[in-house]
Amino acid sequence: MEITYALAIGVLTGSGVWLLLRPRTFQVIMGLSLLSYAVNLFIFGMGRIMEGGAPIIDTLKQIDPSLYDDPVPQALVLTAIVIGFATTALFLVVLLASRGLTGTDHVDGDESEP
Amino acid sequence: MSLAWLVILPFAGSLCAAFVPSHARNAAAWLAGTVAVACIALGIQFYPQIAEGEVVRATFQWAPAVGLDFKLRMDGFAWLFAMLVTVMGALVILYARYYMAAQDPVPRFFSFFLAFMGAMLGVVLSGNLIQLVVFWELTSLTSFMLIAYWYHRSDARRGARMALTVTATGGLCLLAGMLILGRIVGSYDLDVVLASGNLVRAHSWYLPALILIALGALTKSAQFPFHFWLPHAMAAPTPVSVYLHSATMVKAGVFLLVRLWPVLAGTEAWFWIIGSAGLFSLVLGAYAAIFQQDMKGVLAYSTISHLGLITLLLGLNSTLALIAAIFHIMNHATFKASLFMAAGMVDHETGTRDLSRLSGLYRAMPITATLAVVGAASMAGVPLFNGFLSKEMFFAETTFVSGNVITRIGLPTMAVIWGTFSVAYSLRFILQVFFGPAAKDLPKKPHEPPRWMLLPSGLLVTACLVVGMFPATIEPYLDIASRSVLGPGIPFHSLAVWHGLNLPLIMSLLAMAGGVALYRALGKYQQGTAVVPLINRFDGQSIFQFLLKKLESFAGTLTRCLSTERLQVQLLLLICAVFASALIPFSNGGLPAGNQPVAPVHPAFALMWLVGGACAIGAATQAKYHRLAALSLSGGAGLATCMTFAWFSSPDLALTQLIVEVVTLVLLLLGLRWLPPRYKSVDDKVVPLQTRLRARTRRLRDMALALVAGASLSALSYAVLTRQAGEGISNFFLENSLPLAGGSNVVNVILVDFRGFDTLGEITVLGIVALTVFALLRRFRPAPESMGLPVQQQVQDAQIPGWTPDPRALLPEGPMMLPGVLVQLLLPISGMVAVFFLLRGHNEPGGGFVGGLIVATAVILQYLVGGTAWAESRTRIFPQYWISAGLLCAAGAGLSAWLVSRPFLSAMAWHARLPVIGEVHLSTVLLFDLGVFLLVIGATVLILVALAHQSRRGHRKPATAHEEPEAAVPAATPRVAEITADLAQPHPISHAWAPAPAPKEG
């Protein structure tokens, strides 16, 4: 399981980094989106992966932390997902405005790159 | 305690004056005058103590951790200076009341004026070096405001900027010097510093400290070679010049030199640095003053010269010279202030200060003329006026200087030359303006100014005469001040008009005769020219401008060298930096061996990620030319991520990821509408071969980097996953979630309770982003290529010719009618589901984030299915209210803890038994989560709807009436067009998607 998980992160990171370095704004926004999947999975993986251990305490049993998955990375990633949405929205609007103002979708707003 | 009032009162008065209506000239003047008089009274009240030789102190804790106290300290010298500041302040306030025109915003003037007075008193009374520098810089800032008071005039702005640049730079040097001095002594307390003169002078860091402190003092006192800002500061209103540029601010520099005299003076370095700066200013200032055409220009250069005299006296390392310097500080303040006032009155009554236009004013303004003559006589050092006394003392000091022949002979010679020059410019100042034939073409018909305006000048002139004729009156005050600087054993000195026929008197007579001769000799030459012979080329101002320009271009070059504007390069560097930082932990020893058992791969999971990975790679290859495909493929990868969260026991993340995935997809789809497509065939034709080759190499490089990044993050993840987790804080949350916070969903408890403050910050960011998106879209200009209707819509319209849907219909017409019924049914259901998720969030997967996103999705579905026009004709959601309600809810939940004296965001719960309903459990945590819920709804809906609304703006052609002028505005002034468009739309925020002006073409 771990190897699949790690490979998935690798593929997402590779695709994300590749797109991040492209010159077109839409490529960059896609790249950020893929890279944020990778990073979220990575952070989530820092709590180690575990099946059937959702951190929802069984009120009938004695509390035993080893039965549950680590909740801290989960809380962090939950925040990251929502903020990721907000930044995507902001970037999208800036991208559209830049396309309208400069007439190009190059990330520098200037087609005459060296 | 009352010592503090001396500093607090002016600042409090300044604050009050700022709130006085801008036309209330008298109210502001009364306020300022009362404050100044109160300060004088406070000062006088200290006199008995000060006269006993006591030092009054008041200490307040400031930063005890670093051994800093806010300390006020008043000894004889500080008292004398404080009286100078307050008495002059009161006189200038009276003068300014009549000088300022009714249409000037006078309260602003008095507000800055009082703030300056407070800062100046702070400098004078500081008992701590750092505190002194703080007040010092405050005087620079307030003087900037005062010089630029008439900010509509470019000379005022330029003069203020120059004064600030020079004096504030000097202030920074002073800070550095004070830090060194404090380090040498081991304390910043002025009392301790003053007592350790020998230690300081013997220290190896003495010279750097001296140079830095001298830079601060010399820039402030406009001493050569930093003197050039003072003449340009004459663009200030005359009361400012009277107060700042004759009596107080420029005196701050010499004040500091006197203050630190016991510590720093007495060395060769002091003599050469301070003495030579003083000597140059003394002679060059007087020389340049002869050739000025502006009355205030003459006075400004004369001030430089007289401050040079004080500086030179201080530089002579003689105690008698120090007493003379303190005496001259007072004398110069009285006669120069009265002369500035006279210049202001002439300007006020005739409309000009130009010496070549003014003539024979004594007929029209006899009182002003008399006052000016007395002031000028004192400035020239004529016997029986106070200027004479300190000048004699100066002459006497120059003859006592020991050393080689050059200083022994040169210094007295220079003194006589200076005396000659000052007699010449004083004569010219008086004879040109007030005597001779009456001037004809003056802008105004001259007459005597109001009585109250003459009074301050009259009082000052009286002081000049009294001190000049009966020097014994000033003797005790001078004695107190000198004693406080020099200690009890001050040398014998006597102030007397007649010392017998001695060398200084002969020098005075020589200078006077020379001055008259020089004035006669120059005669015609001075008319109509402001060129100063010989030194005209060495203009401080042009050097200053040149240096500024060089500095600017250097900064520009440095920025270009050190950074790039190209995003790709920046991102590349960023990724490399992340790599480098990730490698650091590996450098010492690498990882311990893996110790965790590895779970066998589940085929379904592997298959899912086979698809997910393919989707990610597909999105990477398609994002340039096939955006929709890339978007869908990236969604595939997102779903795989979401499933992974669900697989590995994280239902909350899976839920959130799923809904965010939907919302992001809708968002990007809405955005794609405004992004004109790229065509591969066109690109290939346009781009030349060379560029394509370069692009290919870059792609190879990026490909390599992407592969390395992916592989290493894979390896790192695998390495982490196969090793035991360290002891973290997670167990705390798992163990305490239920007993402490009463919730069994630990993730939700962390978000809304344990780490509620983080969440509060996060939702605030979300709200800000939403408002920013909205603001950016209000002035949105889409690409011209995307202005028309999309192809699909054109095709659809062509199929049903002449069909225009009615936005007010109950259901969307046409093919979307059935889905329209469904989504309308879905709206209340989704609302219920959202509330369900919200309420159960504390114990089961769910919570405010998920609930809010569900509602937002349901709302945007209405738009998707019914069309923007149809949806907007029936919804009035006002998302900005939801955002603010959410923030208020969350913050209110946090603040409510204060009601029971618990820290911010402490959770509180109530158990109550209600009739019928039964047992109820209420908690502020639920209120907080409700805030999150509301804010997420508001922010998400605002973002999506603002974007969706653009489709309605795009179809409107710019043809309606009020948009005509906008189209007519030339392209060069888009700001104006935007502002007028802004004004044309009265209520920008309340109609998030009300029709805004159509985007401009091109």
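Every residue number used here counts from 1 along the chain in the order it is shown.
Every residue gets a Cβ built from N, Cα and C, even glycine.
Note: TrEMBL annotation is automatic and uncurated.
According to TrEMBL, the feature domain 'NADH-Ubiquinone oxidoreductase (complex I) chain 5 N-terminal' maps to B:67-110. Through the fold, the domain 'NADH-Ubiquinone oxidoreductase (complex I) chain 5 N-terminal' (B:67-110) approaches residues 3-4, 6-7, 14, 17-18, 20-29, 31-33, 36-37, 39-40, 43-44, 46-47, 50, 53, 55-61, 117, 120-121, 124-128, 130-131, 146, 149-150, 187-191, 237-239, 242-243, 247-248, 251, 255, 258-259, 326, 329-330, 333, 337, 341, 344, 348, 449-450, 452-453, 455-457, 459-460, 477-478, 480-485 of its own chain, all at least 6 residues removed from its boundaries and within a Cβ separation under 8 Å.
Annotation comment: TrEMBL describes B:126-409 as domain 'NADH:quinone oxidoreductase/Mrp antiporter transmembrane'.
Residues or ranges marked as domain 'MrpA C-terminal/MbhD' by TrEMBL: B:614-676. In the domain 'MrpA C-terminal/MbhD' (B:614-676), the DSSP tally of helix, strand and coil residues is 52 helix, 0 strand, 11 coil.
Feature annotation from TrEMBL assigns domain 'MrpA C-terminal/MbhE' to B:698-794.
Helix, strand and coil content of the domain 'Na+/H+ antiporter MnhB subunit-related protein' (B:821-941), in residues and according to DSSP, is 83 helix, 12 strand, 26 coil. Annotated domain 'Na+/H+ antiporter MnhB subunit-related protein' per TrEMBL: B:821-941, in sequence order.
Here TrEMBL flags B:1-24 as signal peptide.
If you look up TrEMBL, you'll see B:77-97 (among others) marked as transmembrane segment.
Among the features that TrEMBL reports, transmembrane segment is placed at B:109-127 (among others).
Annotation comment: TrEMBL describes B:163-185 (among others) as transmembrane segment.
According to TrEMBL, the feature transmembrane segment maps to B:270-291 (among others).
What TrEMBL records for B:367-389 (among others) is transmembrane segment.
Positions annotated as transmembrane segment by TrEMBL: B:494-519 (among others). Non-local neighbours of the transmembrane segment (B:494-519) in the same chain are 290, 327, 380-384, 388-389, 391-393, 395-396, 399, 412, 415-416, 418-424, 426-428, 431, 468-469, 471-472, 474-475, 478; each lies 6+ residues outside the stretch with a CB under 8 Å from one of its CB atoms.
If you look at the transmembrane segment (B:569-587), the same-chain residues 6 or more away from its ends with a CB under 8 A from one of its CBs are 702, 705, 708-709, 712, 716. According to TrEMBL, the transmembrane segment annotation covers B:569-587 (among others).
Here TrEMBL flags B:599-621 (among others) as transmembrane segment. Long-range neighbours of the transmembrane segment (B:599-621) within the same chain, counting only residues 6 or more positions beyond its ends whose Cβ lies under 8 Å from a Cβ of the stretch, are 629-631, 633-637, 639-641, 643-644, 647.
Per TrEMBL, the feature transmembrane segment maps to B:654-675 (among others). For the transmembrane segment (B:654-675), the residues of the chain that approach it from at least six positions outside its boundaries are 627-628, 631, 635, 638-639, 641-643, 645-646, 782-783, 786, 790, 837, 845-846, 849-850, 853-854, 856-857, 860, 864, 940, 943-944, 947-948, 950-951, 954, judged by C-beta separation under 8 angstroms.
Distant neighbours of the transmembrane segment (B:759-777): 751-752, 879-880, 883, 886-887, 890-891, 894, 905, 928, 931-932, 935-936, 938-940, 942-943, 946-947, 949-950, 992; these residues of the same chain sit at least 6 beyond its ends, with a Cβ under 8 Å from one of its Cβ atoms. According to TrEMBL, the transmembrane segment annotation covers B:759-777 (among others).
Mean pLDDT for the domain 'NADH-Ubiquinone oxidoreductase (complex I) chain 5 N-terminal' (B:67-110) in the predicted structure: 90. Among residues of the same chain six or more beyond the signal peptide (B:1-24), those with a C-beta under 8 A of the stretch's C-beta atoms are 31-32, 34-36, 38-39, 42-43, 45-46, 56-58, 60, 72, 74, 82, 102, 105-108, 110-115, 117-118, 121-122, 125. Through the fold, the transmembrane segment (B:920-947) approaches residues 663, 666-667, 670-671, 741-743, 748, 752-753, 756, 759-760, 763, 766-767, 769-771, 773-774, 777, 834, 838-839, 841-842, 847-849, 851-853, 855-856, 859-860, 863, 877, 879-894, 896-897, 905, 907-914, 992-993 of its own chain, all at least 6 residues removed from its boundaries and within a Cβ separation under 8 Å.
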